[in-house]
Amino acid sequence: MLKGVIRLLKVMIVEDEQPILNLMKMVIDQNKHLSIVGCFNNPLEALNELQLLKPDVAFLDIEMPRMTGLELAKKILQVDEDIQIVFTTAYERYALEAFKVSAIDYILKPVTPEEIERVTKRLMKNHRRLFINKERSPQKQEESILCLGTLEMRGSENSIIKWPTRKTEELFAYFLIHSNQVISKWELTQLLWGEMEDHRAIHNLHTTIYRLKKTLKENSKNVTLEKVNEGYILNMSTIKSDLDMFLEYFNNNSIVSKENFVESERVFNLFKGPLFGLKDYLWKIGIEEQLVEHYSTLTQNIANFYNRRGKLKAVEKTLKAFLSLYPLHDQSNLILLKLYSLTDDLNRLKSHYDFYVKLLKKELGVTPPIETQKFIQQFI
């Protein structure tokens with residue numbers, strides 16, 4: 001059964017001394033079960049590339065000046081606990097410390113093909129076991145709330161909650177925007193039943209609040225709705241929606257750097273589309289515009305991060321991910337066109353510009369901005 005799933009294990013090597021790194025690369029390349037996806041002298045650079053490379057195994061030098069291999073291993077396992085760690089060291093005294101951070105093995109320098117072969121057998125065995133466990137064990141799912149691209153809550157039984165009425169769902173959505181904040185009943189009635197007389201609006205609010213409370217109580221252990229004086233509060237102290245995580249990132253980060261790149265990529269991937277998907281709530285329009293602005297800023301910051309490192313394919317992938325959701329965004333289209341010009345890919349430059357022009361005309365009846373038209377004139 002496993003024969004079909006066995007593959008080369010992807011390997012990342014982190015070693016601060018270049019001659020030793022070259023030796024390790026040569027020895028590991030000789031092993032038919034291993035494939036090197038990244039080699040680094042700097043542990044911080046290795047950590048930042050982790051999610052992009054997705055290694056199965058990390059060979060880490062223990063004695064590094066900027067960050068020890070032991071510290072790096074802990075950070076790697078925080079990102080992906082399934083990565084297997086193998087330490088390399090000139091001193092056997094580090095063996096006990098190595099196993100304290102869940103290392104699979106350690107190798108004494110100088111590294112030899114025989115030692116790599118010995119460790120590889122353990123790595124392959126563990127990899128098979130991990131695959132079997134994942135196949136056989138039901139994955140535990142925690143409660144979750146999605147707001148970016150959809151409106152979905154999974155309850156304690158991991159099933160999608162079905163709301164009794166559209167007003168109940170909309171009320172829940174509004175509370176998500178203001179989670180852990182008290183909202184007055186007058187604000188809620190004006191929001192959802194502004195055209196009604198006060199007494200009817202209050203009656204509808206009480207009915208909808210009751211339905212929302214009942215639905216949450218039946219389906220969730222972590223989200224509750226409570227009355228506070230003349231208002232209500234949605235308590236989410238033990239759970240965060242994707243929207244909460246997205247906004248929290250922007251409150252704490254203004255740039256994309258080596259230190260926060262992994263987190264920046266994770267937050268970038270949270271964004272799946274418009275706030276609450278296709279729900280046409282009028283009150284969400286201003287909020288959604290702010291979110292798109294944040295998403296655009298993050299896209300350009302990540303693209304610039306990749307560009308500074310010469311990773312132009314990653315720049316293109318990032319820009320296209322944004323444009324797949326917002327294909328009419330002027331600035332992102334211009335940046336992508338400039339990227340194609342830098343790589344002398346004139347066919348793709350012209351093809352994308354033609355697509356952009358047709359889309360603008362079809363959807364908005366306009367032509368590209370003057371800046372974009374002037375830029376493209378150089379290549380036509």
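Glycine is treated like the rest: Cβ placed from N, Cα and C.
Per TrEMBL, the features are as follows:
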DOMAIN    10-124  domain 'Response regulatory'
MOD_RES   D61  4-aspartylphosphate
- Message: Excluding near sequence neighbours, so keeping only residues 6 or more apart in the same chain, what lies with its CB under 8 A of the residue listed as '4-aspartylphosphate'?
- Response: V14, E15, D16, E17, I20, G69, F87, T88, T89
- Message: Please list the DSSP helix, strand and coil residue counts for the domain 'Response regulatory' (10-124).
- Response: 55 helix, 27 strand, 33 coil
